[in-house]
């Protein structure tokens with residue numbers, strides 16, 4: 001009985017021989033054989049070139065001997081002989097000079113040049129020569145009595161080569177007169193002036209420098225020269241006037257920020273526009289950057305560093321002022337302005353400038369008072385606060401100036417066509433300004449009042465700087481400077497009145513916009529300090 005197939009066993013597949021045989025492909029030998037190429041030996045031989053010996057010979061060039069021979073020059077022996085010059089032996093022998101032992105001793109030289117100015121100095125007597133010298137004249141030559149001694153130059157005394165003797169015989173020369181032999185080298189005075197005239201004395205002594213122009217008197221009490229100086233802990237600050245100046249200029253800075261931001265974002269996109277705004281805000285720190293301050297002072301304000309002479313005049317006064325205030329002298333930099341006005345200024349964060357008139361024409365005590373006033377501006381923060389506020393409000397100022405210019409141009413163009421168009425344009429601009437004023441009154445009102453408030457803060461800052469100078473002991477000197485300025489202004493007004501010009505005093509609006517108080521106000525504020533001596 002057969003067993004059923006095991007289900008787990010795999011089915012029987014047909015063996016490989018049962019698969020159909022693949023078709024027979026032609027063998028490679030059935031391909032056509034490539035053509036037989038000739039062996040290298042069977043290649044045709046290259047054509048035979050003629051051997052070098054078979055090449056035609058080059059043409060024969062003439063040999064050097066065939067060139068024409070150069071002409072025969074006469075031999076050196078045929079040249080004419082040079083003329084015969086007399087031999088040294090044919091010259092007459094020079095006369096015998098006395099030996100050095102027979103030379104007279106030279107006179108003693110003076111210790112220094114003859115005194116000048118004064119009476120000319122002459123030697124008391126002729127130098128004594130030995131009596132046994134050969135051919136010595138019986139007496140020395142006479143010196144001129146009226147000849148003055150040349151200033152600064154000692155008389156010429158005989159050197160070792162000059163000895164008294166008779167003139168030597170003349171030597172033979174080719175022709176022409178023979179110069180005489182120099183006379184004995186006795187001391188001689190310079191030639192006397194003609195007709196007894198006395199030469200004028202020189203303007204200055206030899207080697208002396210021309211006198212400098214008269215400088216202003218140095219009447220400052222240098223009480224801290226060479227003494228110990230107590231330096232304050234805080235070298236600068238910000239008083240109420242500086243903070244008030246920043247507060248007044250804050251609305252203008254906000255308007256400028258909005259303008260810069262809108263223009264930057266519109267031109268460069270949000271990312272780059274934001275970076276531009278951040279860079280503009282950070283640029284205000286350049287107010288305290290020394291190289292930027294120097295560049296601003298030199299190229300914008302046309303200031304210059306002091307010369308060596310100006311520094312020698314300025315630095316001692318500045319050191320005394322800073323010593324009284326307890327400030328390091330190097331904290332601030334001194335610069336000069338070429339001007340004929342009595343003035344000075346505190347610039348940026350570290351620059352103090354004075355005019356050339358203040359430096360050269362007023363006494364040192366008054367110059368110290370002027371410098372103390374400018375130092376008060378710096379220590380109170382007035383200078384850097386004013387420059388910082390001006391920088392941040394500059395874009396708004398430029399935009400407002402451009403708006404006013406465009407409005408003038410538009411009104412002028414409209415007026416060229418018709419009066420009605422001009423009136424309509426003026427009415428439209430007024431409506432726009434009024435709408436902006438009512439919409440953003442919190443910005444427009446401060447912007448309108450900002451010029452008057454800034455002028456008021458500036459006047460308070462001037463009085464505060466005067467107080468700083470008075471507290472340092474310069475109240476009297478500062479009063480003298482103010483009185484001098486007041487006298488100059490009155491003299492200028494009198495000169496204009498003498499020319500027939502009508503003078504008008506400043507109006508109420510001009511006084512409100514003035515950044516400096518009048519002289520009477522400043523002198524009145526200094527009266528309590530006139531008796532103070534620090």
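Cβ from N, Cα, C; glycine included.
Checking the ranges 357-380, 381-404, 405-428 against TrEMBL, the transmembrane segment annotation falls on 405-428. Residues 434-454 are the range that TrEMBL records as transmembrane segment, among 434-454, 455-475, 476-496.
Within the listed segments 169-198, 199-228, 229-258, 259-288, TrEMBL records transmembrane segment for the stretch 259-288.
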